[in-house]
Amino acid sequence: MSVRRTRKDDGSQWTVADSRSVYGIRHWGAGYFAINEAGRVEVRPNGPQSAPIDLFEQVDELRQSGLSLPLLVRFPDILQDRVRQLTGAFDANIARLEYQSQYTALYPIKVNQQEAVVENIIATQNVSIGLEAGSKPELLAVLALAPKGGTIVCNGYKDREFIRLALMGQKLGHNVFIVIEKESEVALVIEEAAELKVKPQVGLRVRLSSLASSKWADTGGEKSKFGLSAAQLLSVVQRFRDAGLDQGIRLLHFHMGSQIANLADYQHGFKEAIRYYGELRALGLPVDHIDVGGGLGVDYDGTHSRNASSINYDMDDYAGVVVGMLKEFCDAQGLPHPHIFSESGRSLTAHHAMLVIQVTDVEKHNDDVPTIENKEALPETVQWLVDLLGPTDIEMVTETYWRATHYMGDVAAQYADGKLSLGEKALAEQCYFAVCRRLHNSLKARQRSHRQVLDELNDKLADKYICNFSVFQSLPDTWAIGQVLPIIPLHRLDEEPMRRAVLQDLTCDSDGKINQYVDEQSIETSMPVHAVKEGEDYLLGVFLVGAYQEILGDMHNLFGDTDSVNIYQNADGSVYHAGIETHDTIEDMLRYVHLSPEELMTHYRDKVASAKITARERTQYLDALRLGLTRSSYLSS
């Protein structure tokens, strides 16, 4: 077994089992990701029983073939495995509870509209899968991609053209439901249905009073952007009835919010939602479908808890609640069991994609204290810090830290008042960080009295690992809403990570960093890493980025799309690469903001021609500028 060459505090050798624990990969990896005995991250795209793929080897092979970092890697096989797991969970609960209807998984393409994502999801064999569209571009996409007879649910704001396209889809053979979000949509549906001579299939979205606790709670509840109040619901039903179209009302839809962490919150809201089903049936409407919306979350941090970045349930628990509560209500009311839809896009897609980034530079605190020839000549506050460099009684560790921190506050004030020189301030800082480093090595995480100081020192002593990527382009939710994503080195996991680091991106923005990290069974403000060796490409993987990140990414500082690839696994365990897309060039990014590269070259020529440089330099400068426009917006890897 490969082991670390040094020993842990208890004298035992570091092994990959320790890395598995530190990075929590068994908890958030969902059976797809693991660490092999060589200390590298591996992926099993078809679940834990499938053949492993060494990610570090794959990245090396892809780089040799011409792709560069940062690199977005997708595993479409994971998409189909997630579809099978979700539909399997519902089918099993339907059979167990003797529910008298079926389940169809709807994929809301807003989560990730990439062609390979949508096509692989709907190509999953032996499952019932449909698509959801929330805009005209999405509707036009799903009308083409959905198989004939496939289910399409239309949500979001709609104009006349949107509704006409949806009704055309119905006439083309698709099973289309137009969900009424606003009263103003009713007249458009009635008019366009008459024009196209089609009986529309209508859904009604209700606005629930119940609110789940999550970062996305406002997408449900009374403050929701979408949905009908109780009074509006009755008004809409009457308007369809007056038009003779009330028997086309076939679906009830609600949405409690995305990434619901606590299953009890979902149960509470679902109890309210299914009352609407009973009321609509009592009004004589043939509602026989219920779309329970989103909410099925992803355990990003692996804690299996109520944390916003986790869930305290699994797919089977979720399906059991939906099927069980519906059956109990319908049986008690003597109602038929409706066909169940869910829009579980995050759960279907999050695991299938990861981002590979490279550490390009490391910034450490200078805690190397120079030889001090004459301590008495130093200002008194600096002398006190020098004195703290000596041995510290284990009982005085925390007190020593607070004292050193107090002295550093005095140093800052005295420097601002002109009482300390720059050299004296620099020496004080070196002494302070040397003291902190020594104290950190003496603290024990399991000792409660040490925990606060240990947390502060983890923050203060963390290195800055500058990485070749843009938070805003590739991981926007980590900046926008504090989303936690698991991050782990792709290699060297048979060695103990002796440093802690905060990852910073290339953007010229102080928000361009990752602030939260999965660390064992907790969330920390820095992550354990290895010291980067001279000349080494130290690679990190950011996992579970398949939902929303790619489509939400922006172009801050004109950093564009990265290279990307789809990795498929054959039945014999071998792999092949497809769907390779190369990065945006600087020229591409400039065109996005309406800067013409051709005009820029004209300006370059004018400036070069008027500059006091040699003819050879003119040629070299123009060649460099022309070549620069064709390069990646990221650093050369």
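Backbone N, Cα and C atoms are what each Cβ position is placed from, and that goes for glycine too.
Cβ neighbour count for K110 (N6-(pyridoxal phosphate)lysine): 19 (other Cβ atoms within 10 Å of its Cβ, all protein chains included). The N6-(pyridoxal phosphate)lysine annotation in Swiss-Prot covers K110, and the record cites sequence analysis as its basis.
In the three-state DSSP scheme, I290 (substrate binding site) is classed as strand. Summarising the environment of I290 (substrate binding site), the number of other Cβ atoms within 10 Å of its Cβ, over all protein chains shown, is 26. Per Swiss-Prot, substrate binding site is recorded for I290, D291, V292, G293, G294, G295, L296, G297, V298, D299, Y300.
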Other CB atoms within 10 A, centred on V298 (substrate binding site): 22
Whole-number Å value for how far K110 (N6-(pyridoxal phosphate)lysine) lies from G294 (substrate binding site) (Cα to Cα): 12
Length of the line joining the Cα atoms of V298 (substrate binding site) and K110 (N6-(pyridoxal phosphate)lysine), in Å: 17
CB within-chain contacts under 8 A for L296 (substrate binding site), separation at least 6: L86, I260, M315, Y318, S342, S344, R346, S347
K110 (N6-(pyridoxal phosphate)lysine) and V292 (substrate binding site), distance between Cα atoms, whole Å: 17
Count of other CB atoms lying within 10 Å of the CB belonging to Y300 (substrate binding site): 24
